[in-house]
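Participant: Relevant sequence annotations retrieved from Swiss-Prot are reproduced here:
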type: TRANSMEM; residues: 20-40; note: transmembrane segment
type: BINDING; residues: I87, G88, K89, G90, G91, S92, G93, T94, V95, K109; note: ATP binding site
type: ACT_SITE; residues: D206; note: active site, proton acceptor
type: REGION; residues: 427-446; note: region 'Disordered'
type: COMPBIAS; residues: 432-444; note: compositional bias 'Basic residues'
type: COMPBIAS; residues: 511-524; note: compositional bias 'Basic residues'
type: REGION; residues: 511-533; note: region 'Disordered'
Amino acid sequence: MPSRPNPTRPKLFHNRTKTLFLILTISSSLVIFFAILYFIYHLWISLLNRSRTIPFDVAAASPLKLQLFTYKELKLATNDFDESNVIGKGGSGTVFRGITRDGKLFAVKRLDNLSIQTETEFQNELQILGGLKSSFLVTLLGYCVEKNHRFLIYEYMPNKSLQELLFNEDGDSCLNWERRFGIILDVAKALEFMHFGCDPPVIHGDIKPSNVLLDSEFRAKISDFGLSRVKVEGGYGVDLFSQELSGNFGGESTPQTAIGTPTHHEVDFALALQASSSSKNSRTSRNIKEMSLNSMSLAMDGETKGKEVSNDVVLSCEDHEFDQGKEMNLLSPNSVLDLGKGSKQWGRDWWWKQEGSGELCSKDYVREWIGSQIDTANPDWDDDKKVITTPELGVSTRTIDKAEHRDESGLNESRFDTLEEKFAKEEISERKNKRSKNKKKKHRNMEEWWKEEEHQEEMNNKKKIGVLRIKFKNHLKFPHFRYCFRQKGENSVHDREGEAAGEFSFRRGWRRKSNSSSKKKKKNNNGSMGSEMWSGDLFSRELSSTTSMRGTLCYIAPEYGGGCCYLMEKGDIYSFGVLILVIVSGRRPLHVLASPMKLEKANLVSWCRQLAQSGNVLELVDEKLKDGYNKEEAGLCINLALACLQKAPELRPDVSEVVRILRGEMDISSTAFEFSPSPPGKVYGSRSKRRS
């Protein structure tokens, strides 16, 4: 019989095929799985280590051909960035001294913390300074861009910066008067080259001693173009001239007047508040027509409320608040009050009123305004209105609660020449007791309303600040002075919180504390703080020890404190004026000494203005120079600095005029210097639409 086939062989073959298929399936699945894991890991690492900077275009970075250095070359040249080779430190990076193989020295600036701001400054250096060649500017030799590393290579300046020579701790200054005057002239020529020698003009935006470097012959050169801008024709521009300062918005030119002595129709209410906040003891004109107090709330009858009211005799409520011991000011018969329009003119400036300074506080203004708006049927506000109507003459007269309670003698000394006013005086004495009984209840209701309004505003502002934070995370930042460009919503939040904390705002200057503890401090603080707090006129004991504030804030022009986002040539002129005073005096623009007798000299700009008023400007000259300086040149420099430090940009001289004045080819303009505090400028659209 034939043998039967073995049935185990097909089964074995089938099992092997099944096993092989299973192995291939599992292995391929594992390979795909690990490939996906590797891809995710690689993507996560790349996103984690990605540089949070703007895309960098090397080809378009600089119009000139700059040398491209490698990271290894710079590491060898600086001895692995050793601390012994550090020659300077700035806000965005550290500067090292490097040596090439052939023995040449150069300076290497390393950007420490990469961000949108530092990357923008890095590209500004390449685009602006890389395209400029001048003997008055530091030469940019090259750059390095590798991964997250950013380096700028400059020519080496052996005498370092002007700041180190002026403020060295050893006290041995090698800057005699000839060198100081030469440095001032060199900086002026550098600005002249940037403003008039470049097409389009270049605005530096950060003129200060640390950015003025000195070569082996003590010739000055300007460096650090991280905040500089190119002025482009056809873009958006601003006119920060003194139209608002003079109250002239129609375009007509009016002569500039000091803030303390306003003239009719020239000073607005906000400006008067700034003048009052700059000095406790100063008294500006209380005429309602001068200060444009169109929103003064007068209680009227129902028939005349909201309409134009012309009275023969109207008591002035403001004079009782400002000076209770004096006679009441009377409005002229031609004066017209429009409550509807006037209420809109207050704006945000009326919140600047300071408590404890003999002036109305913000709550008083609200009480006065609400007293004129709420119907007399409301018992809580019945006493506030106090409408006294004489049916015989038809004259409505409003009495003042605070003037009566605080100073009864002020009313007794007042002169009443009409029967209507005598009748008003009798009515006041009859209702005096009734008002005193309801006073506590009335103020309690007002405080409750006030707290509700504050709470509602804080809730609304928190929503605004949340939206602004999201925008900032999306890199919606301006690359200029960061502290000048807070958004409007953020400003309102900080302003409201600052009223209780007494913090610093670049838009409104210093705000005093409004709580009870701040009132105690006000009694001890006789010095006043005005709008000069955020410009070169800055004076504060708390800020005197802050290096960054000294380094930049004191050199900023006043118009940038008002929220200006665009640099102008006159801003460089203001910074140059502060620089002149620093070079001549050999001291910082803000320096509080230990002796309280020398506090008036702490603010260099204010002290210089005081000396100019007294006619002894040479007292400002550095004591280290003794008598080894030219008095005519020193006086010329100080007077030129005062001309550059004028609050209105259009009153400052051009840099070409500055150079001619320093050379003796031109005299300083006879325009009277303004020694009043500098109010914040506002931004107005320019017809030329120029963008800088």
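Backbone N, Cα and C atoms are what each Cβ position is placed from, and that goes for glycine too.
What does the local environment look like for each feature on the list?
Facilitator: Sequence-distant contacts of the transmembrane segment (20-40) (same chain, six or more residues past either end, CB-CB distance under 8 Å): none.
Mapped onto three states, the DSSP output places G93 (ATP binding site) in strand.
D206 (active site, proton acceptor) falls within neither a helix nor a strand when secondary structure is assigned with DSSP, and so counts as coil. For D206 (active site, proton acceptor), the number of other Cβ atoms no farther than 10 Å from its own Cβ, over all displayed protein chains, is 25.
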Participant: I need the CA-to-CA distance for K89 (ATP binding site) versus D206 (active site, proton acceptor), whole Å please.
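Facilitator: With distance taken Cα to Cα, D206 (active site, proton acceptor) is 16 Å from K89 (ATP binding site).
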Participant: Where among the binding-site residues G91, G93 do you find the Cβ with the fewest other Cβ atoms within 10 Å?
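Facilitator: Counting other Cβ atoms within 10 Å of each of the binding-site residues G91, G93, the minimum falls on G91.
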Participant: Of all the Cα pairs drawn from I87, G88, K89, G90, G91, S92, G93, T94, V95, K109, the residues the record ties to ATP, which distance is largest, in Å?
Facilitator: 14
Participant: Quick check for the class: what is the C-alpha distance, in angstrom and rounded, between I87 (ATP binding site) and D206 (active site, proton acceptor)?
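Facilitator: Each residue's Cα considered, I87 (ATP binding site) and D206 (active site, proton acceptor) end up 20 Å apart.
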Participant: Around the ATP site (I87, G88, K89, G90, G91, S92, G93, T94, V95, K109), what further same-chain residues have their C-beta within 8 angstroms of the site's C-beta centre?
Facilitator: R110
Participant: Compile a sequence-ordered list of residues in the same chain as V95 (ATP binding site), six or more apart from it, whose Cβ lies below 8 A from its Cβ; state 'none' when nothing qualifies.
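Facilitator: Non-local contacts for V95 (ATP binding site): V86, I87, G88, K89, A107, V108, K109, R110.
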Participant: Validating a neighbour-count step here. Other CB atoms within 10 A of the CB of I87 (ATP binding site): how many?
Facilitator: 18
Participant: Looking only at Cβ atoms, how many others are within 10 Å of the one on K89 (ATP binding site)?
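Facilitator: For K89 (ATP binding site), the 10 Å Cβ neighbour count is 11.
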